[in-house]
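Before any comments, here is the structure.
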Amino acid sequence: MLVDTIVQKSGIKSTDTILEIGPGTGNLTKKLLEAGKLVIAVEVDPRMVLELQRRFQGTPHSSRLKVIQGDVLKTELPYFDLCVANIPYQISSPLTFKLLNHQPAFRKNKTLGAIFRQKNVLSLLEKNYKTLQALNLSVGNKDAEMGSSRLGNANEVETMEMDDDDDEDGGADDEMDVEDGDAEGETSEFKNKVLAVLKEGNFEEKRSSKLKLEEFLYLLSLFNRAGIHFS
Ligand SMILES: C[S@@+](CC[C@H](N)C(=O)[O-])C[C@H]1O[C@@H](n2cnc3c(N)ncnc32)[C@H](O)[C@@H]1O
């Protein structure tokens, strides 16, 4: 089943308690409960909450289901071993960020500086960063092609200026950096980029458990501005 696959890949030791975000009418919830899990479901839509309660009330599983009605971004999350979610795209970044910073509930009350130095966190972020860079490059190249075909050969100077702009914006040069850089150099370069964002907002020594929602969102905006995304 899906959860077992996730567990195998992630190396998580225990999956007794599952946080399910956006359970809707509860199709996955049912499977999780049937697999003997304790499910904490966070659902914003009151109609879905009623449906969930109606569906599992009086069944042998009801004692292992807790439903929390509310916006997951504004809800204080309980302890859980594994989180599953099927949620709208718009909230996936802030949610991933919230979950990344939910670590005090498991592991220690680490500073953000310590959390963002962890290899698994850095490698996830770097993967997203490179995907976005590649997408931007391909969109940039398409725009440049369309631009030069619009200008045609009649205005060579304009076309050359446009090429220069591309270089300044990190177009072709960046692509070469990505291809030519050695793996370790790139990783520490990316780590420095992440730490620079934390320093910019004065977040490095702050503890995630003490942050307010506004501070989370501000930090998220700083990361996004630097091209660093969480999903
Ligand atoms: C794509 S549906 C998932 C449906 C469900 N997995 C199923 O199979 O029936 C997304 C669900 O996320 C819920 N949702 C959207 N935003 C949410 C939020 N901020 N907090 C909690 N739940 C949310 C919606 O109400 C909806 O039930």
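Note that Cβ sites are derived from N, Cα and C of the backbone, with glycine treated the same way.
For MET1, GLY22, GLU43, ASP71, ASN86, the entry in TrEMBL reads S-adenosyl-L-methionine binding site. Marked as compositional bias 'Acidic residues' by TrEMBL: 158-187. The domain 'Ribosomal RNA adenine methylase transferase N-terminal' annotation in TrEMBL covers 2-120. Look at TrEMBL and you will find 146-188 tagged as region 'Disordered'.
All features noted in TrEMBL, drawn onto the structure.
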residue : record                               : DSSP (3 states)
GLY22   : S-adenosyl-L-methionine binding site : coil
GLU43   : S-adenosyl-L-methionine binding site : strand
ASP71   : S-adenosyl-L-methionine binding site : coil
ASN86   : S-adenosyl-L-methionine binding site : coil
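The Cβ of ASP71 (S-adenosyl-L-methionine binding site) has VAL44 as same-chain neighbours under 8 Å, each 6 or more residues away in sequence.
Cβ neighbours of GLY22 (S-adenosyl-L-methionine binding site) (same chain, under 8 Å, six or more residues apart in sequence): VAL42, GLU43, VAL44, VAL72, ALA85, ASN86, ILE87, PRO88. Ranking the binding-site residues GLU43, ASN86 by how many other Cβ atoms lie within 10 angstroms of each Cβ puts ASN86 at the bottom. Summarised by DSSP class, the composition of the domain 'Ribosomal RNA adenine methylase transferase N-terminal' (2-120) is 52 helix, 21 strand, 46 coil.
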